[in-house]
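> Quick one: this structure, given as structure tokens, is what I'll be asking you about.
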Amino acid sequence: MVVLAGYVVLYLGWQLFRWGGPGHIRTIGDVAFWPVNLLAAVLAFRVASTRSFAAQVRRGWLLIGLGLIAYLLGNVLQLVYEALLHEKPYPTFADVAYLAFYPLLFAGILQFPRDRFQGFAVVRLVLDAAATVAAGAAIVWYVTLASATESGGRPLQLAVSIAYPCGDLLLIMALTALAVRARRVIGSWSLLLIKTSVLLYVVSDVVYGQMTLAGTYSGGAWIDTGWMLAIALLAASANEQYRVAKVGLSPGERRKSDSGFVFLPYAATAVTFAIAVISRRSGGRLEIGSMALLGVELVIVLGRLHWSTVDSRRNNRAAEQARSEFFATISHELRTPLTSIRGYCELLADSEDLTGEEREFVHIIERNAEREERIVADLLFLSSEDLLGRIETVEADLVRIVDDAVSSRIPAAAQSQVRIEWTPPEEEITVHVDPGRMGQVIDNLLTNAIKFSGEGTTVRVTVDANRSTTTLRVEDSGPGIPEEEAAHIFERLYRGRAAQQNAVPGAGLGLAIAHAIVEAFNGSITVEPHDGAGAVFRIDLPMMSVRAVERAVRPNAVAWREQWVSAPRTSD
């Protein structure tokens, strides 16, 4: 590689100072390619014969080596034509050799092992490649094909003139494949060198086309430096690949993220739009073709956005299903030992040999086992794939459901010195719900409100009805919910900052269950964030009907509506 680098530097020096006189520039320029071209082919064949590489890698470098030989043959034939005829005809067999370089290089690059793609990844690959090729087509069409098609000439000349830009499109496709698909099984540096080589070769071809149309190109011109560097980079890439095998590295262990290519189709669209604008400002040449390509680009971008959305939804569903299956598996595994623990606790509790303290210990174990069983039941409920099938809805009086739930929370409120403020409406508000599950939702909200409200505070419960919706509100006097936490409060296993800092007991399942149940009723549950000023949970349900009724007042209703509820506090 030191020799190759030295030779390239020597060639660059010749380009700058033109050693050898003006009469030999064309000959020196043509012959100077041969050593680099031959070296690149030899290095490519050396990699192709290295058995430590995968068959696809060796086949890829074999095709690249054949392409380099074809390119070398084209240089030799071109010099022969110039030496014998002193005027190169067009086209010649040299053009056949040159044109063979493009498909061979393209086929060789496509042989490199690539990640296996499925679903949207395949669609994205196709759309990205199509967008890039369309942008390349806009450039090549405007820069070279326009003049080639307008200049006329014999059919064979026209066909060859069009074939060269089409070869560049093949290389652009190969560059796209390397950018979005190739794994690092051919070495990171080797891959980078190939990408740079292909890009440099395409740019040199485009500039050459412009110079030819302007009549300013001749053998040994400065643009030949681009081709020289492109071939030299292929030689360096082959040498780097061989070095990787020789030192025993494993270039396929890591793979860079392709996130840098997310904007590839959008950049390609911008390029096509720029070409359309330039075409318009330059007199309208190929304006229709440029606009057609721009239309293709826009369709590709819209298609990519659509499929990206579809794939994102599909991935979310798959992740949700996997999480549900995980919860279901864990829950089933936990249920068996918990049942055994409760069974043995009941046996111990029936024993007459226990002291009072020992019996209290057994009750503590049993209560905690019951608590864990409730958590397991909640997990199983949330992991159910057919949640709607497990809920049986009927027409029920929401006021009665709330009243029952509030009454069941009186002991817990008494222990925590919390007052529950609830005045049942005089109307019967009919909703279409599962009464048991709706009671579970209200119970979860009240449990949280009592846990987070301090002693001597109030939890307020209200039910209001309008023409089509019933609104249930549960307002506590706790630390509140910051706005940044409100978006996550209904997620499974999520516990807010206040719950963690104050060590409030809970598994982060109650609100997730409430959210799932309310949505099954075609309703909605939301929270109004008030950091430091309590939280307000709101449930909106479709209302069936409202009618006035006379409700019996419970014996203890006045007590827990009008005064603070107090009772001795106990601890496990």
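Backbone N, Cα and C atoms are what each Cβ position is placed from, and that goes for glycine too.
According to TrEMBL, the domain 'Histidine kinase' annotation covers 329-545. Among the features that TrEMBL reports, transmembrane segment is placed at 31-48, 60-81, 93-113, 125-144, 156-180, 192-211, 217-238, 259-278, 290-307.
Quick one: how deep are these features, and who are their neighbours?
Using a Cβ-Cβ cut-off under 8 Å and counting only residues 6 or more beyond its ends in the same chain, the transmembrane segment (217-238) has close neighbours at 1, 4, 8, 11-12, 15, 25-30, 32-33, 36-37, 39-40, 43-44, 46-47, 61, 64, 68, 71, 82, 189-191, 193-194, 196-198, 200-201, 203-204, 207-208, 211.
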> Give the nonlocal contacts of the transmembrane segment (31-48) in its own chain as ranges (CB under 8 Å, at least six residues past its ends).
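Contacts with the transmembrane segment (31-48): 4, 7-8, 11, 14, 57-59, 61-62, 64-65, 68-69, 71-72, 75-76, 79, 224, 227-228, 231-232, 234-235, 238-239, 241-242, 245.
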> Six or more residues out from either end of the transmembrane segment (60-81), which same-chain residues have a Cβ under 8 Å from its Cβ atoms?
27, 30-31, 33-34, 37-38, 40-42, 44-45, 47-48, 88-89, 92-98, 100-105, 107-112, 186, 231, 234, 238, 241
